[in-house]
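Student: Next up is a structure, given as structure tokens.
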Amino acid sequence: MPPIPHVRPENVLRRAEELIAVGQPAAALSVLHEHVTSKRSRSSPIASLEPVMLLFVELCVDLRKGKSAKDGLYQYKNIAQNTNVGTIEMVLKKFIELAEQKVTEAQAKADEIQSSLESAAPTSNVEDLDAIETPETILLATVSGEQSRDRTDRAVVTPWLKFLWETYRTVLEILKNNARLEVMYQATALQAFQFCLKYTRKTEFRRLCELLRNHVQNAAKYSAQMHAINLSDPDTLQRHLDTRFQQLNVAVELELWQEGFRSVEDIHTLLNLSKRQPKNIMMANYYEKLTKIFMVSDNYLFHAAAWNRYYNLLRQSAIALAAGQGSKKDSPSVTEADMTKAASFVLLSALSIPVISTSRSRGALVDVDEVRKNKNTRLTNLLGMPQPPTRASLFKDALNKGLLSRCRPEIRDLYNILEVDFHPLSICKKISPILKEIGADPEMEKYVLPLQQVILTRLFQQLSQVYESVELKFVHELAHFPEPFQVTSSMIEKFIMNGCKKGDLAIRVDHVSGVLTFESDIFSSAKALHPGSAAGSAESEVGSVQRLQSTPAEIARSQLARLAKTLHVTCMYVDPSYNQARIKAKEAAHARARAGAAKEHEETLTRRAIIEKRKEALSDALQKKQREEENRKRARNQQLQEAEQQRLLDEHRERERKRMKDEQDRIRQQELKKQLEELKTGVKGIDVNQIDLEELDSNRLRAIKLAQLEKEKNDLNEKIRITSKRIDHLERAFRREELKHLPEDYETQKKQDLETYEQTKEETLKAARQKHKEDVALKHRLSRLVPYFNDFKKSVTEKRHEEFERRRKAADREFEQKKKQRIKEVHERIRRERAEREAEEQRRREEEERIAREEQERIAKEEERRRALAEEKAAREEQRRKLDEQAIRQRQREEEAEQRRAARKAGLAEPRGPAREASPERTAPRLNLAGRTGTSWRDRQAAKAAASAGEQPAAAQEATPAPPAKAGSYLPPHLRATRDGPSDSRDLSHARESAAPPRQFSRSPVPPSGAPSSQEKPGPWRPRFKQQQ
């Protein structure tokens, strides 16, 4: 059956355009959405579906129907992803461009509204130019001045921003985990990042990052699907890395440090998966963003480590470029100024690392703190360092690479003051000019506060080595910093309390006497009593603090060690053999060490050779395995493609079959429902809900309808009969009873009507009097306004009249213009109709001539056919006549031959006996031998044949007897049968069969020539089928 209307994409597109033209875009969108999401559209060609999708996304954007767009785009992706990926990218790009265009238009509209409000505000509401700033205007500006822009944005721009965000999210969901659409996916993600950055959408940026993270996590889960992305592919992984680096940049720009840190973790995960070495420029950006993240999180140790890694990368890139081993495109541009700046930041960040712990709890004192350990391990892995960094290791690495010679002079002086020549009494005087220079630099200003913490820590550690107690005033004088970095007494006390709380310091503050007392319990195990240990600090190396002298606690703790050293020196002087034995043992140990080193060296060489061989074997095996894996993967992919093609073909066939079946079922159901609705509305008493549509057909429905109509007709007739009978009797009884009460009811009704009339009359008169009084009072009250009303009415009338005249003239002009245009259109239409009529008349004449010409040709062909049939019929008649004549002549010849054969038989059989004449068998010729008495065996056989010949049919007796042959004359061999015996009967039968059609002849004796024949003379010849009838 033909498809229903508007199934083809061209018809749907035409219908949607018609609906848009009449101002019904919602209906057009509904038509397009129904067609796009329909299963029938899967079999439509992509070239015809593409314009439909373009119009569909345009309407979705205009009407802000994000969900409808998502459904349609998902369906279109499933249809086109196996055939044409370019059309999917084009439609999605169009979708994003339209959404971005709407946002731009909304912004322009909001700016226009705001500018109009701002330009209209000073003039429209100002009544006195001398008093512009009235209390009312000030209050209005205070209440709504700053919020008008926000309200305008919320009403105009925000809905389109929300729709644009939904657009990006929808496109990313459609393109996710598809290798053929991967480039478009990455480009859309970058556009979404720019959207978040341009409009400062922090919440949407967090959701976008989480969405991309989920897509990468699900990539491994759906790796078995067709067109799934492969993160092992270097190009794919590089594109994901570029996206994550852009994500990190946007997170830093938006100051979303938590998202930035998660982005760093994502980048680190992808770098671990990558088999290709990442570009230096990317890693430089990576470490640079890490420095910002660690600085915001107050993690100065890993902030300095990130700067160290960044400087190392710049140094290696510069060395590689100088040696010509690297590409300038993949390496960051490095100048001497950049290296100096990076070196200064490396050293300054390392100096800013706190000497003591900066955590707010005492939990950092626990060395086995798993949380801190795990965190440091994660951060170390992010930086790509083999072990967690420390303050001392960072200084050591910086000194080994000569950063002191590269950094700025003030940073070098700061390092010497803090780490080389630290003097607590002159520290602030030396460091003040350096802090001023650092504070003047906006990028280095953030390091001033941690440097103050380091200086205070060094100061109190060295004071605790020299003094047991100091005055607060003395400490304040020592900790004097330049403005605006001045440290107050409260800040110093807060620092002391924080250090004591964490166990890094052991100081008591006496506010009464203004004295700081350092704890000196020699038997205490607190780490604060052992300055320089720095157990809770960022470094673990002992001796980072300059040792001035040993404290009593250290002296008590190292007493046994000092006693052991003294006894050892005494033994060396008292017993010289002890020293000699020690020297010999040392030399023997050195000899064993040299021998072991040589042997270990040989073993190392051997092991290295073995390892190289194993590496080569492993590399060969791995390459072989990779080749086999690639071959298997290629074969598997080919099988999957063939299976997928077969599956798609089967699915297409199944869909077509199912579509045809569903279409037939739908049409049948529609017809049945339509008939049921007609039955429901036309016939009462039928419960349509109880009828099963699956088991219903038109015949049963017709039978149900006829049965119900018959039932209704019978019920109606019965009701009419019963009702008519009841009404007749009841009405007669009512009227008889009513006659008794009619006069009384008439009098009562007349009295009630009179009373009602009087009451209504009185109420009407009273209401009229009251209304008249009120109207008179209103007239006197309003009469004063009549002159003003008349003046106003006159002015309004004049204005209306002028407006009327103006509009009437405009209408007249427009009427004349329309009239001329209408006249022109009518003339054009008449001319066009006349041309069409002439063309139609010409076409009709040509059609009539063509029909007449075809009729003549048909008549001529019919005459020719009849003439040919007549000739053919005459030829057949002539041939049939010739055949009949031939048959008659043949029959005559056969009859003559029969007569001659019969005559010959009759003439030759007379001198023979009856027994010999009746013998049907052929015998040998008689010999002239001596006679004998009795009958021979031939005579007996002839007698038997004669006896049996009487039972044969009489057909053989039809032949006419031939004249007898003369005695002694010659007879041919085929005519000797009747004279010498029946020996030639078979030859005669064979001759008859060859001369005429086969007939049945009798072998009975031929009667004499004078005997009458039992058969009449045969008539004319007839065909055999007529003879058989």
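Glycine is treated like the rest: Cβ placed from N, Cα and C.
Relevant sequence annotations retrieved from Swiss-Prot are reproduced here:
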- 92-121: coiled coil (COILED)
- 339-523: domain 'PCI' (DOMAIN)
- 606-903: coiled coil (COILED)
- 621-666: region 'Disordered' (REGION)
- 621-632: compositional bias 'Basic and acidic residues' (COMPBIAS)
- 644-666: compositional bias 'Basic and acidic residues' (COMPBIAS)
- 797-1029: region 'Disordered' (REGION)
- 797-901: compositional bias 'Basic and acidic residues' (COMPBIAS)
- 913-924: compositional bias 'Basic and acidic residues' (COMPBIAS)
- 943-960: compositional bias 'Low complexity' (COMPBIAS)
- 977-993: compositional bias 'Basic and acidic residues' (COMPBIAS)
Student: What are the DSSP helix/strand/coil residue counts across the compositional bias 'Basic and acidic residues' (621-632)?
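Tutor: Counting residues by DSSP class gives 12 helix, 0 strand, 0 coil.
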Student: Which value does the mean pLDDT take for the domain 'PCI' (339-523) in this predicted structure?
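Tutor: The answer is 80, the mean pLDDT of the model over that range.
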Student: Which residue counts does DSSP yield for the compositional bias 'Basic and acidic residues' (797-901) in the helix, strand and coil classes, in that order?
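Tutor: Going through the compositional bias 'Basic and acidic residues' (797-901) residue by residue, I get 105 helix, 0 strand, 0 coil.
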Student: By DSSP, what is the split of the compositional bias 'Basic and acidic residues' (644-666) into helix, strand and coil residues?
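Tutor: Residue counts for the compositional bias 'Basic and acidic residues' (644-666) by secondary structure: 23 helix, 0 strand, 0 coil.
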